[in-house]
Amino acid sequence: MEKYNNWKLKFYTIWAGQAVSLITSAILQMAIIFYLTEKTGSAMVLSMASLLGFLPYAVFGPAIGVLVDRHDRKKIMIGADLIIAAAGSVLTIVAFYMELPVWMVMIVLFIRSIGTAFHTPALNAVTPLLVPEEQLTKCAGYSQSLQSISYIVSPAVAALLYSVWELNAIIAIDVLGAVIASITVAIVRIPKLGDRVQSLDPNFIREMQEGMAVLRQNKGLFALLLVGTLYMFVYMPINALFPLISMDYFNGTPVHISITEISFASGMLIGGLLLGLFGNYQKRILLITASIFMMGISLTISGLLPQSGFFIFVVCCAIMGLSVPFYSGVQTALFQEKIKPEYLGRVFSLTGSIMSLAMPIGLILSALFADRIGVNHWFLLSGTLIICIAIVCPMINEIRKLDLK
């Protein structure tokens, strides 16, 4: 237990740096959307920007996981933050001399996404080296709260800053945030995994396969991953349809869209705080199942509402947000607890890659059918499918056994 001495100081030091970086990155992300919308007015350009945001994780995730497990995760986290900072610095310098070309913004978005693809699994793999097992779920809850704060703050702050500053000034703030995050990681002593690096298989492909093999050996986690992939496949396209249902079905305005987004993020914040405060609850599969069920019920009710039911829809959005930490946070803690630390980089990169690949497939299907059957009916159909997933999840014996020590 010696490695957990002063774990709170270590975790919250890193957490504070990540808080600054996450919020500044979210602000910049929104500002870039404003910039691309203003300069091009093209839905294709915005779709490309979104695609570049998750493409590296989806395509290169398994290979990145091998590198995270082979090398010092602390150095990887610092390096990823500095790469993000360097990419932003290039944009800042160029913007002083000329108007930023769209192609350059796209390249920087891609580079930032690569940095995130390294940073996220490294951070998830480092956490169980710092935090006692019984505290992992609570820490995941606090991390979810931080993410929701960035969702709430970033649109308003980005809109304010973009109205008074040039884009390069906002980029400079994000560069500073990345530097602060790298400094907080640098000053924390993170336990090492001994001679792990020297003992790794020199065959890169075989190491990637080991990530899947480790998952398949734990039948409960593998089954949970499959359930989660199906859940993301159904749920993620709904994220893109909130503006559509707010304006087209409920006859709202951009203000109504903002209200639904703030409601969702506020619910997510409350859910993360509740998970952080009461994260020692042992029946975690029950929490995951309840989370999925809450999402399904909220979507189903949203799809059944009349066009005058916007207020109830806002309440449903808050419940959806409330449910999110009890799925993603608890699932992350389960993986951190059940997988050996030397494999966590590969496992988290692999799971992130699978989830990322499920997103575009679901988006394509929703784009094909939502307009044909009506966006409200798509919410109803998605909610019904998610309720079915919630019913099936605890019926799988291997998943139920995950709560057993």
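The backbone N, Cα and C atoms fix where each Cβ goes, glycine too.
According to Swiss-Prot, the protein has these features:
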TRANSMEM  14-34  transmembrane segment
TRANSMEM  48-68  transmembrane segment
TRANSMEM  76-98  transmembrane segment
TRANSMEM  145-165  transmembrane segment
TRANSMEM  168-188  transmembrane segment
TRANSMEM  222-242  transmembrane segment
TRANSMEM  259-279  transmembrane segment
TRANSMEM  285-305  transmembrane segment
TRANSMEM  310-330  transmembrane segment
TRANSMEM  350-370  transmembrane segment
TRANSMEM  373-393  transmembrane segment
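Long-range Cβ contacts of the transmembrane segment (285-305) within its own chain (Cβ-Cβ under 8 Å, at least 6 residues beyond either end) map to 224, 231, 235, 238, 245, 312-313, 316-317, 319-320, 322-327, 330-331, 376-391, 393-394, 399-400, 402-403. Proximity of distant same-chain residues to the transmembrane segment (76-98), defined by a Cβ-Cβ separation under 8 Å and at least 6 residues beyond the stretch ends, is recorded for 21, 25, 28, 67-68, 104-105, 108, 111-112, 114-116, 118-119, 122-123, 126, 166-168, 171-172, 174-175, 178-179, 181-182, 185-186.
Long-range contacts of the transmembrane segment (373-393) within the same chain: residues 224, 227, 230-231, 234-235, 237-238, 241, 244-245, 248-249, 285, 288-290, 292-293, 295-305, 366, 399, each at least 6 residues beyond the stretch ends and with a Cβ under 8 Å from a Cβ of the stretch. Counting Cβ pairs under 8 Å that are 6 or more residues apart, the transmembrane segment (168-188) and the transmembrane segment (14-34) reach 3 or more and are in contact. Here the transmembrane segment (259-279) does not lie next to the transmembrane segment (14-34) in space: the count of CB pairs under 8 Å, restricted to residues six or more apart, is fewer than 3. A Cβ distance under 8 Å defines the sequence-distant neighbours of the transmembrane segment (14-34), meaning residues of its chain 6+ beyond its ends; these are 46, 49, 53, 81, 84, 88, 105, 109, 112, 123, 126, 130, 142-143, 146-147, 149-151, 153-155, 157-159, 161-162, 167, 170-171, 173-174, 176-178, 180-185, 188. Residues 15, 18-19, 22-23, 25-31, 34-35, 173, 258, 261-262, 264-266, 268-269, 271-273, 276, 321, 325 of the same chain lie 6+ residues outside the transmembrane segment (145-165) yet bring a C-beta within less than 8 angstroms of a C-beta in it.
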